[in-house]
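Quick notes on the structure that follows.
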Amino acid sequence: MIKALPKVLFFLLIVRPVVYLMLGLNLLQREKLPVHGPAILAANHNSHLDTLVLMSLYPLTTLHRVRPVAAADYFLRNRFTAWLSLNLIGIIPLDRQGEVGKDKVFELCQRALADDQILLLFPEGSRGDPEQLQPLRKGIYHLARSQPGTRVTPVALHGLGKALPRGGSMIVPFNCDAVVGDPLEPGEDCDAFMNELQTALEDLLTQCITRSKKQEG
Amino acid sequence: MDLGLPFMLELTPNTLTAMVLVLALLVLASIIQRLLVSRLPAGTHIELQQRIRSWWIMVLVVFTALVIGHTASLIFFTILSFIALREFFSILPVRLTDRRLILALYLLVPVHYYWIATDWYGMFTIFIPVYLFLLIPFGLLLLGETKGFIRAVASYQWAVMTTVFAISHVAYLLMLPAETNPAGGGVGLVLYLVFLTQFNDVAQYIWGKTFGRRKIVPGISPNKTWEGFLGGIATTTLLGGLLAPWLTPLHWPLGLLAGLLIGIAGFVGDLTISAVKRDLLIKDTGQLIPGHGGILDRIDSLMYTAPLFFHFLRYTAY
């Protein structure tokens with residue numbers, strides 16, 4: 001527990017005030033959020049705030065079991081960012097550049113799933129333009145299949161790309177939406193699962209309160 | 001009357017009674033809702049229950065701020081304006097280049113309320129309608145994006161005018177000289193305006209639900225009817241005349257007129273936000289208040305009644 005203390009304090013004193021007071025969060029269907037692992041949250045990705053918002057949905061007592069999967073090349077690029085990412089946020093670093101063998105890429109993730117943890121994954125791979133869903137990558141399917149019983153819960157996020165877009169350096173308050181969907185179980189067919197996930201995310205996006213159906217639909 | 005409690009010095013006996021009556025009205029609403037459990041379909045009933053619970057929370061928050069005093073009330077209205085402005089910016093199609101200007105506008109909300117706190121009436125009336133009117137397009141010029149310039153200028157200006165300037169008139173009621181209104185004081189004026197505005201919403205809803213047949217603006221708000229509109233306005237007008245001598249410096253004939261003004265303006269404010277939502281194809285502006293939607297869904301009528309009532313009152317009584 002002592003090891004989790006910096007992370008809990010960081011979320012209690014900094015992240016939660018930012019997410020709940022500075023930004024306004026419209027949270028729909030919170031009850032569908034998985035509370036036990038092995039589970040994967042699959043969200044669309046527009047902003048660094050995405051991870052922090054998803055983690056803020058969890059009570060402080062379960063926070064140490066929630067692990068964002070993040071690009072090693074980006075989040076471990078210097079000592080300060082690496083310390084912040086590993087200790088305060090608790091990321092699982094993922095090699096995007098193929099330096100590790102294909103079968104080893106998800107090793108740390110698989111170990112976390114085997115330990116009944118909850119992984120946060122952005123299947124789009126990286127932050128795209130605000131509110132544009134990019135093609136999903138299939139790694140999430142193989143990861144979920146590797147640990148029996150793993151369910152994938154889609155979460156649509158909206159508005160955070162305005163609050164802190166890619167390349168932006170300051171947070172501007174906007175209300176944002178987080179809509180949690182029904183958990184999906186990956187079956188034999190990879191493409192069928194990826195389609196299911198894509199459809200689920202698109203459908204959840206339409207439920208976002210602040211999302212104008214006219215502008216982006 | 002000095003009640004001996006330092007934090008209650010700003011409340012007159014009439015305003016205290018009014019607060020107790022509002023709470024009694026809420027108790028009554030809660031009781032009626034319990035009695036209706038078996039008669040209403042489950043969905044309607046849950047929404048009604050949520051709405052009444054939210055009313056309790058809203059009333060208790062507003063009353064707490066008013067009871068603590070001017071400073072607490074001004075801070076409350078500053079936060080209210082900020083949340084409403086943020087909600088407006090969140091539903092508007094905002095250009096990413098304008099984020100810096102939007103941040104500046106948020107930071108100017110407390111500045112505007114500072115003019116109220118220092119009772120600088122001249123600055124209060126021109127800060128947003130004159131200075132920000134000129135500065136918003138200037139700020140956007142500096143950011144350099146011309147595509148969508150006109151729409152950005154107009155929509156940001158409108159957002160600040162409605163959520164900050166208009167709403168802040170409720171707060172300025174607290175700064176009007178107390179000796180002109182020995183019956184109710186500043187708090188009495190706020191209670192009169194806010195109660196009548198919200199009561200008008202509820203009255204129009206109930207009249208419409210009970211007798212509503214002929215639609216009044218089907219293209220904007222299909223649930224609004226002539227019966228609800230007229231019944232609501234009549235109720236608010238009567239109540240305005242009845243309550244005015246008790247909480248405001250207005251005699252009953254002017255009170256009737258104030259009630260009529262609040263009834264009509266409240267209806268228009270409500271419709272305006274409905275039109276905004278129709279344009280953007282969204283249902284609610286947020287989910288801050290369960291059963292009601294966002295904060296804009298709740299204060300839409302107040303955005304219209306507050307400045308109109310304020311100037312009606314100031315012209316006739318101060």
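Using N, Cα and C of the backbone, Cβ positions are placed for all residues, glycine too.
Automatic prediction, not curation, is the source of TrEMBL annotations.
The transmembrane segment annotation in TrEMBL covers B:16-36 (among others).
Taken from TrEMBL, the feature transmembrane segment covers B:56-89 (among others).
If you look up TrEMBL, you'll see B:123-144 (among others) marked as transmembrane segment. Residues 97-98, 100-101, 104-105, 108, 111-112, 115-116, 152-153, 156-157, 160-161, 164-165, 168, 172 of the same chain sit 6 or more residues outside the transmembrane segment (B:123-144) yet have a Cβ under 8 Å from a Cβ within it.
Within the same chain, residues 70, 73-74, 77, 80-81, 84-85, 87-89, 92, 98, 101-102, 105, 109, 112-113, 116, 119, 121, 124, 128-129, 132-133, 136, 140, 186-187, 189-190, 193-194, 296, 299, 302-304, 306-307, 309-310, 313 sit at least 6 positions outside the transmembrane segment (B:156-175) and bring their C-beta atoms closer than 8 Å to a C-beta of that stretch. For B:156-175 (among others), the entry in TrEMBL reads transmembrane segment.
The feature transmembrane segment is assigned by TrEMBL to B:187-207 (among others).
Taken from TrEMBL, the feature transmembrane segment covers B:228-248 (among others).
What TrEMBL records for B:254-273 (among others) is transmembrane segment.
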Surrounding residues of the transmembrane segment (B:254-273) on its own chain - C-beta under 8 Å, 6+ positions past either end: 193, 196-197, 200-201, 204, 217, 220-221, 224, 229, 232-245, 248, 285, 296-297, 300-305, 308-309, 312-313, 316-317
Chain residues in Cβ proximity to the transmembrane segment (B:228-248) (below 8 Å; excluding those fewer than six residues from its ends, i.e. six or more beyond): 14-15, 18, 181, 183-184, 188-189, 191-192, 195-196, 199-201, 203-209, 211-212, 216, 254-260, 262-264, 266-267, 313, 317
Long-range Cβ neighbours of the transmembrane segment (B:187-207) (under 8 Å; 6 or more residues past either end): 10-12, 14-15, 18-19, 22, 62, 66, 73, 170, 173-174, 176, 181, 224, 227-233, 235-236, 239-240, 243-244, 247-248, 258-259, 262-263, 266-267, 270, 301-302, 305-306, 309-310, 313
